[in-house]
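To keep things clear, I will list the structure first and then write my remarks on it.
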Amino acid sequence: MTKLSVNINKLATLRNSRGGNVPNLITSAKDIESFGAQGITIHPRPDERHIRYQDARDLKKIVTTEFNIEGNPVPSFIDLVLEVKPTQVTLVPDAEDAITSNAGWDTIKHKDFLVEVIKTFKEHGIRTSIFVDPSVEMVKGAAKTGTDRIELYTESFAHQFAEGHKEKSIAPFAEAAKMAHELGLGINAGHDLNLDNIKFFKENIPHLLEVSIGHALICESIYMGLENVVNMYLHRLK
Ligand SMILES: CC(=O)[C@@H](O)[C@H](O)COP(=O)(O)O
Ligand SMILES: NCC(=O)COP(=O)(O)O
């Protein structure tokens, strides 16, 4: 079974655009869980342009499914995660000025750093995942960091799938996932997954444990409603 973790960054963006507390992230997260999603993901960035560090603390009190916090492990992020103790932390090598995540880790170059950070989180009972491009070499490097899981960065899949290059879009992901499974790593995936591409991705990536989906899911919900859309994903992930 592949779990759906809904990334609520975009709801925070909407809230922040007006000040105030509409939409209320706590109510939204509870509703998303009640619609059947098996997790809530947030990706606080140091500028707190969408999710604020305080949101992470507040959400921890009410999330009853899997709580996944993603981000670049700068000192303030590490402190936040150790305080909040989510189910899972996903490490993403965000550049400060990036609009959104745009690359996976170089798990070879940053091995020593990743080993140290992952050890710290695991000592505190937090499952770890690291964001990687669909590269066998990067997956092999990830396995040497001690991480529990990887998250495959699916932007290139989504882009090529939308262009109609189905087989080409999935091939490196299938190969990277096969290697991850052989090395004992759990497999998550995310970025630009949507209602059009999720079924094909799921069908072609065995052992896919979890997908985190935000941007498209919230955009689709504008037309079809959050409850419907969550259920449409759950149906495609069966
Ligand atoms: C790691 C990843 O792909 C997502 O967390 C994505 O980066 C969402 O972040 P934004 O909502 O800031 O684009
Ligand atoms: N880890 C990926 C994520 O949380 C959501 O990414 P996106 O669906 O907003 O592109």
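Here the Cβ of each residue, glycine as well, is placed from N, Cα and C on the backbone.
TrEMBL lists N7, R18, D192, G214, H215 with the feature 3-amino-2-oxopropyl phosphate binding site. N7 (3-amino-2-oxopropyl phosphate binding site) is surrounded by 26 other CB atoms, counting those within 10 A of its CB over all protein chains shown. Annotation note: N7 (3-amino-2-oxopropyl phosphate binding site) sits in a strand segment as assigned by DSSP.
Counting every protein chain shown, the number of other Cβ atoms lying within 10 Å of the Cβ of H43 (active site, proton acceptor) is 23. Here TrEMBL flags H43 (among others) as active site, proton acceptor.
Sequence-distant neighbours of H50 (1-deoxy-D-xylulose 5-phosphate binding site) (same chain, 6+ apart, CB under 8 A from its CB) are N9, K10, A12, T13, N16, H43, P44. Following the DSSP three-state reduction, the secondary structure of H50 (1-deoxy-D-xylulose 5-phosphate binding site) is coil. The 1-deoxy-D-xylulose 5-phosphate binding site annotation in TrEMBL covers R45, H50, T100.
Residues or ranges marked as active site, proton acceptor by TrEMBL: E70 (among others). Under the DSSP three-state reduction, E70 (active site, proton acceptor) is assigned to strand.
Look at TrEMBL and you will find E151 tagged as site 'Transition state stabilizer'. Around E151 (site 'Transition state stabilizer'), the same-chain residues at least 6 positions away in sequence with a Cβ under 8 Å from its Cβ are T90, S129, I130, F131, V132, N188, A189, G190, S212.
According to TrEMBL, the feature active site, proton donor maps to H191. The 10 Å shell around the Cβ of H191 (active site, proton donor) contains 25 further Cβ atoms across the protein chains shown.
Counting every protein chain shown, the Cβ of G214 (3-amino-2-oxopropyl phosphate binding site) has 25 other Cβ atoms within 10 Å. When every Cα pair among R45, H50, T100 is compared, the largest distance found for this 1-deoxy-D-xylulose 5-phosphate site is 11 Å. Among the residues the record lists as binding 3-amino-2-oxopropyl phosphate, namely N7, R18, D192, G214, H215, the two farthest apart have Cα atoms separated by 26 Å. A Cβ distance below 6 Å to any atom of ligand 2 is met by none of the binding-site residues R18, R45, H50, T100. Checking the recorded positions R18, H43, E70, T100, H191, D192 against ligand 1, the ones whose Cβ sits under 6 Å from it are H43, E70, T100, H191.
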